[in-house]
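Q: The feature topological domain 'Cytoplasmic' is assigned by Swiss-Prot to 1-70, 128-139, 352-447, 502-509, 558-576, 676-815, 871-882, 928-946, 1082-1134, 1189-1196, 1272-1290, 1403-1852 (among others). Taken from Swiss-Prot, the feature topological domain 'Extracellular' covers 87-107, 156-176, 235-326, 467-481, 529-538, 597-651, 835-850, 902-908, 967-1056, 1154-1168, 1216-1252, 1311-1377. Under the heading site 'Calcium ion selectivity and permeability', Swiss-Prot lists Glu309, Gly628, Glu1030, Glu1344. Feature annotation from Swiss-Prot assigns region 'Dihydropyridine binding' to 1004-1093, 1358-1424; the stated evidence is similarity to another entry. Look at Swiss-Prot and you will find 1121-1405 tagged as repeat 'IV'. Feature annotation from Swiss-Prot assigns region 'Phenylalkylamine binding' to 1370-1413.
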Amino acid sequence: MESGSGGGGGGGVAALASFIMNEEELKRKQREKLKKLQATGGNPRPPRSLFFFTLKNPFRKTCINIVEWKPFEIIILLTIFANCVALAVFLPMPEEDTNNTNLTLESLEYIFLVIFTLECFLKIVAYGLLFHEGAYLRNCWNILDFVIVFMGLFTLVVDTINTIAGVPTEKGGGFDMKALRAFRVLRPLRLVSGVPSLQVVMSSILKSMLPLFHIALLVFFMVHIYAIMGLELFKCKMHKTCYYQGTNIIAVREGNEKPSPCAQAGHGRRCTINGTECRAGWPGPNFGITHFDNSCFAMLTVFQCITTESWTDVLYWINDAMGNDWPWIYFLTLILVGSFFILNLVLGALSGEFTKEREESRSRGEYQKLRERQQMDEDLEGYMEWITHAEVMDGDSEALLLLRKDTDSESDSLYQMLDQQVIYFYRLARRWNVVLRRKCHVWVKSKFFNWWVLLVVLLNTLVIAMEHHNQTEGLTSFQDTANVILLACFTIEMVMKMYAFGPRAYFMSIFNRFDCFVVTIGILEIILVVSNIMTPLGISVMRCIRLLRLFKLTRYWTSLNNLVASLLNSVKSIASLLLLLFLFIVIFALLGMQVFGGKFNFPDRVIQRSNFDNFPQALISVFQVLTGEEWDSIMYNGIMAHGGPQSPGILVSIYFIILYVCGNFVLLNVFLAIAVDNLAEAESLTAAQKEKAEEKARRKLMRTLPEKSEEEKALMAKRLMESRSKAEGMPTTAKLKIDEFESNVNEVKDPFPPADFPGDHEEVEPEIPISPRPRPMADLQLKETVVPIAEASSFFIFGPQHKFRKLCHRIVNHTTFTNIILLFILLSSISLAAEDPIDPRSFRNKVLAYADIVFTTVFTIEIVLKMTVYGAFLHTGSFCRNSFNILDLIVVGVSLLSMGMESSTISVVKILRVLRVLRPLRAINRAKGLKHVVQCMFVAIKTIGNIVLVTMLLDFMFACIGVQLFKGKLYYCTDPLQKTAEECQGTFLKHVPNSLHDIEVHQRMWVNSDFNFDNVLNGMLALFTISTFEGWPEILYKAIDSNAVDTGPLYNNRVGISIFFIIYIIIIAFFMMNIFVGFVIVTFQKQGEQEYKDCELDKNQRQCVQYALKARPLKCYIPKNPHQYRVWYFVTSCYFEYLMFFLIMLNTLCLGIQHCNQSDHITKLSDTLNLIFTVLFTGEMIVKLIAFKAKGYFGDPWNVFDFIIVVGSIVDVVLSEVDAALEARGGLWCLHGCAEVNPMQAIAEAENVRVSITFFRLFRVLRLIKLLNRSEGIRNLLWTFIKSFQALPHVGLLIVMLFFIYAVIGMQMFGKVALVDGTEINRNNNFQTFPQAVLLLFRVATGEQWPKVILASMYGKLCDAKSDYGPGEEYTCGSSIAVFYFLSFYILCAFLIINLFVAIIMDNVDYLTRDWSILGPHHLDEFKKIWAEYDPEATGRIKHLDVVTLLRRIQPPLGFGKFCPHRSACKRLISMNMPLNSDGTVTFNATLFALVRTALKIKTEGNFEQANEELRAIIKSIWKRTSMKLLDQVIPPIGEDEVTVGKFYATFLIQEHFRKFMQRQEEYYGYRPTKKNADEIKAGLRSIEEEAAPELHRAISGDLIAEDDMERALEAGEEGIYRRTGGLFGLHTDPFSSEPSSPLSTQMTSQRPLQFVETRLEDIESPPDSVFLPNTEFFPDNMPTTTNTNNNANFVEDMSSRFTFENESLSAAATRNYSYEDIRGSSSYVGGASSVDDRRLSDFTVRTNITQFPYNPSYGPSKNQTATEASPATDKLIQQALRDGGLDSLAEDPKFVSVTRKELAEAINIGMEDMEGMAQGIVNRQSGKVTKRKRRPIPVPPGTKSTKPKENTSAV
């Protein structure tokens, strides 16, 4: 037995082992198979390759084996890597020189080429070349390989030919060999095809190119428009500069000042240096590259400006050339639209696409893992079951018993052998060990220990931060000692934790591993220092690792800990992106070396630091372009290296543009996507932990209250939840949801009068609410609650009932008083801006001083009044208890103090004057919307705390490392030849270029760099400027040149040190700064959703519902006059649109041909073409005016825009012609012969007239903007643009206030600094006037050279000659506060406000990357446009029959699309279920709302009436001001027996169903059965239950399957189903009968005239037999039709009397088919109604008090049957069948049951009375049984999926 069981067990184990081996083998084979498939692109190998090699060919077999051999792949990757190294080592030299290394590398190139060619050949033989799936060239990466190999071979062939022909190799015999060899740099791209993770990133980038197409188009379009505007405005303006008279030497004041344009007259820069003149002949700024002389250069300049790099230089040059009156408008709008909006669109689209792609790949990975786990579980489960059955378990249990006995005997013998005392001590030691570990564990977990560790960390930080340049020896030794002590503390902490938790548990935590690493490195550092093994540099870097201990702080701060953890996790996701970024940089660096290597050597200029002379330098240069800092200057050098702007060298700008666009716009924005992803993850982590902590607290509470009753416990839990919601409520007021900043969040977009939406008249609390959703601004401004007089007395004099106090109360709370105070605040703000900062004694300042007294008096009176009313500060509710009132008090107090002190030189008075700038802040307390925004911003700043802290920690760490590396090493002597401070004394001679005086004497000075690392604070400031990408190359090159402490720089001394800066930029600038943007976006989205978290609608649903509720129909003017109609028809046709589009494009090309110094022929041609286009566009305007008349024409904003452009263009043409005619007399403004008086004046006047004429020439350019209206994609982007600005009113106001305050402070503090050319405070950039100050701040906000502005504003700068400085105080202007001033402004602007703008754009641009099949607000405008064609007068109603055709003209997801069958359309209408008016019309809002509701599945499930009520409640809660009338229109309330489209079209489906039922009967019997028995009724009832009900059910719930419907419709067409007469539309005359009226004419009256042609086309598209059409009823020609549609009662009676004729007309009607359009277009559509406008559908009756009948009157009671009579038994059976089908609500509708009864009777060919008798018999037989039987399963046709209808479903 034992052996048997043992054998069984062994057999089971062996079987399990063999099974696992088989499984492993199977998996291995599957992997190999998958790899082979991947190698061939997922396709099987072709049977033949190159038409010759079959699969069995031994040579091909060998090729396949080699290619699919893993080492082969590794060899190729290594070869690519080696090739990259060879390319990097290559040293390009000027003038095509070379050296031995380069020659060796050239010969190595042949080896690489042979290897790559061989690989290519083997793969082509293995997989075939091109003509079948899986061929070599069918894979994109292989195409890249093939091109690279081909170009290499081609280069080799050309080289060989040249060598044979004796042509020098490099000249290439006509071929540019350098260009061909440049293809070699693409070889690193082959690494992408070898690394799968790179392929994923690359593929997702390529995939995201699609949504970027429209944005790229918009960017190009915007650049083109601004370029042509620049061409018109600034052409030929930048070629004059100041020359010394009689020479070609350009005059500049300082050696470092760049030459600038000048103006001979007018407002431009004058030449002020003695002996200089302003004349033409200068190539222009940047070697003649930056100008607007032709469209290409203008586009390059505009592109450079929208990258915000050197845009102010271009603006200042234009100002110098033309004056600074208006060019700033051009550049500011360019930056706002181009840089802040359009480039952020790129960011939004990219990040959305990447997030989507990452989400998809994550989902795919999770799904794959789940499948594998399920498969493994299934295999294991099956096999374990098999083993369990095979094994005999008893044997195992016996074996275990034997084993236990053996163990016991062994332990007994052990006890006997060992001494008892040893055992005792061993046990005692173990016990003590357990006790000590437990105590140690408690100690380590205690708060005291945590605080001790934190204290040690902070001390460690302080010791490191104390280090600085020129520190004392004592401090150094103290730091060394402290380091050892602190290291010992950290070592003790580590050992204690390791002992308390055990090594395994200790190393489970990532933070503990991190601690261990830091401590180990610290110990290693001390050992190396003591033993003098390592260099000091290495030691200093290792010391900095101690700084990582700072992150120990985060473990005690949960949310910060989670943030750090998520950032560490994101390193994995960043790795592949960084690899791609590195590959991208390497490729462009290698390409740059090929194109620019050794060419950046210009004889007349200093050495260019950013160059491509070697690989490390090329990498740095490419990285610099990638960050966007001074990328334009590198581009200019590249252009000059290839011959300058006049040669084809200008084409190298393409290299830099592609590098900038791909690197900066695309790759760097992916960091943002990753940042947003990981932030969301950190947020969810924190939320989950919060939830966990609350749960723990709740459990603890319950445990502490065991004796309390259940009710008390519930009450306590409720209180806990309330306290939680309050705690959470306050932070969530950080509503970065910008809708909150609108004048009203939900009503702002309503363009209609508010009469339709009466507001709820409740009083609104104006203070910030505690609830998660702040009140909308309009609500806050509707009515302010008046604060009553407090019970306490004020000033101990005025009691609560005192008359004076009551009077003051009335005054203070009066609206007029508030408005007056706001007006005075505005006036005082204007007076502050109008002050002259230079001369305090100027007349203007004296006048403003008196005004200041008036303002101060008014504000003082206001405060006194308020204190009188509310009391000063002693009691609750008093004036000083409000923080905003304290602000008011401070501002007024400051004004009073500054009035009392006279001298402006006293620093206290200066400060007090500066503090007056806070006056505008007083407006915040009065404008409630603005107050709310400010409060939200403060809370938002609190929420960013964690990110700021992490960034500051990192910045601090890098600053400490910087101090270790660079302290005292960035000093230099002004004489570059001297290297130490001792040598740097005395004077030296300096040659001045471009000067008449060749040599100048300068004083030697030993100076420090402006941004240095001498201490931690300086280091943090330097690093912060680097993180903003401003001026970092300058700091980098100073660091590279740094030598030793207190020693001057050596050129390229430490190139490797650049790694420090690059790592810092990647970690901080690329990643952490994007985290800021990401955090604002995440907070914005989270808070936006938070406010609606309980309303059950997501954001998209809310936007669409809001649109549907607020939209109003558009008026569509259609002329009555036939001639005018023809013009209108032509103007509204698409051909006219295409013609105008073509003309605008032609006009664009014609505008682009202009250039500076163009010939007279070009000028004449340009003017002639302009005249022609002006005539054409004037013609367009006239034609449109004829078509639409003035009212209709000017109703469209685009037409108004056209009109302005045409008028401006006509003025332009007239002025140009007049000016040309008067040219001989000096032009337009010199009619009185000013040329004779003063030639310079003539030039000035001529320039002025050019400006005037040029202004009107702008109208030519503005025509291009009309193109924006032509493209759907660009229209959508414009929609985003408008939406973004719509969301910014109060935020915009906040930005204006911020700029105003900072501008006025800047004027007071830096206004006296002298304007010195060559510095950053100069004639174009200063604080001397308010507009200049605002422009300077705007420059700082864009980040343009802002660190240099700080340096130019620091204390010790030269004062302006007009200012009131004393003797010897010439250099006392500026202020040390400049650092704080500019830093705070830059941080507020760049990181908060501009990011807020980015967040809004990203929120509005999400539709670009969203699934296009999801309905969004941008789809809904189309509905309004097409509705207008059916309802030109904008009545808001159309016939319900028009709805089908209207919706078929709108493409999905909003409409049905033109290919949607009518039957499917009718079923969609059932689910839409709009209320139907008595005249057969539906309303605009109800239809749009129903479309939105069904498309987005808003409350369409479950009981329909209940869903309606829930939706009504949601709408009331979100859109409180929606009128009840509108709400009843879109969602009828319960209890109203409304006629709805759903009920109406439900009868269609019942009728269609019975027609099919009859057809089946005919097919079954071959004829209409005459046998009448109960089985027939049962069959009909069964068909209702099993066929009609499920179909209706699906239609009601909107669960339609389009393909299924299409198939059924086609089947119906093939079976030849004919439309039977009778029905729902009442009496219709045959449209093809011999009636004199034409269907065409009637259509023209009932429908938009444009549609009378299109209707027939739709009929052709949808074959009549395949489409479900309404049934029509025909009568003999001699039957008179009813014309009095106004008397519907008679009409019903008349119809009832004719009911008997129906069967007679059956056979005749069944032989004809009529289209839906024929019916709705026929003149007899409503029973012969003569007036279409007054007609009523015959399907409706006038409502009476007795009854209303919603359906066709012919289904109503006949003459012999009163309205109250019925067929109870039949009705009962039909109701039962409907209920069994899940249509309870239809079963309750007597009218619907009546319709169904009649249809059933007709279908089984039986009279009503007979059917009732049989039905009664069925009911009698069923009596005593359960009435509601179990539903039978619905038979499903083969090959289709069964859709089981839900129980208890909704009503229609």
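Backbone N, Cα and C define each Cβ position, glycine as well.
Describe each of these features in terms of where it is and what it packs against.
A: Beyond the ends of the topological domain 'Extracellular' (87-107), by six or more residues, the same chain brings 170, 184-185, 187, 586, 590, 593-594, 597-599, 601, 612-615 to within a C-beta distance below 8 angstroms of the stretch.
Of all Cβ atoms in the shown protein chains, 23 besides its own fall within 10 Å of the Cβ of Glu309 (site 'Calcium ion selectivity and permeability').
If you average pLDDT over the topological domain 'Cytoplasmic' (352-447) in this model, you get 72.
Long-range neighbours of the topological domain 'Cytoplasmic' (502-509) within the same chain, counting only residues 6 or more positions beyond its ends whose Cβ lies under 8 Å from a Cβ of the stretch, are 516.
Residue environment of Gly628 (site 'Calcium ion selectivity and permeability') contains 19 other Cβ atoms, counted within 10 Å of its Cβ in all protein chains.
The helix, strand and coil residue counts that DSSP assigns across the topological domain 'Extracellular' (835-850) are 8 helix, 0 strand, 8 coil.
With helix defined as DSSP H, G or I and strand as E or B, the topological domain 'Cytoplasmic' (871-882) counts 3 helix, 0 strand, 9 coil.
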Q: Excluding near sequence neighbours, so keeping only residues 6 or more apart in the same chain, what lies with its CB under 8 A of Glu1030 (site 'Calcium ion selectivity and permeability')?
A: Glu629, Gly1343, Glu1344, Gln1345, Trp1346, Pro1347
Q: Can you check what DSSP calls Glu1030 (site 'Calcium ion selectivity and permeability'), collapsed to helix, strand or coil?
A: coil
Q: Looking only at C-alpha atoms, tell me how far Glu309 (site 'Calcium ion selectivity and permeability') is from Gly628 (site 'Calcium ion selectivity and permeability'), rounded to the nearest Å.
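A: Gly628 (site 'Calcium ion selectivity and permeability') has its Cα 7 Å from the Cα of Glu309 (site 'Calcium ion selectivity and permeability').
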Q: If you run the three-state DSSP split on Glu1344 (site 'Calcium ion selectivity and permeability'), which class comes out?
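A: SS state of Glu1344 (site 'Calcium ion selectivity and permeability') = coil.
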Q: So how many of the residues in the region 'Dihydropyridine binding' (1004-1093) end up helix, strand or coil by DSSP?
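A: DSSP composition of the region 'Dihydropyridine binding' (1004-1093): 58 helix, 4 strand, 28 coil.
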Q: Just counting, how many other CB atoms are there within 10 A of the CB of Glu1344 (site 'Calcium ion selectivity and permeability')?
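A: Neighbour count, Cβ to Cβ under the 10 Å cut-off: 20.
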Q: So which residues does the topological domain 'Cytoplasmic' (871-882) touch in its own chain, when a touch means Cβ under 8 Å and the partner is 6 or more beyond its ends?
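A: Here the qualifying positions are 787, 790, 792-795, 863, 889.
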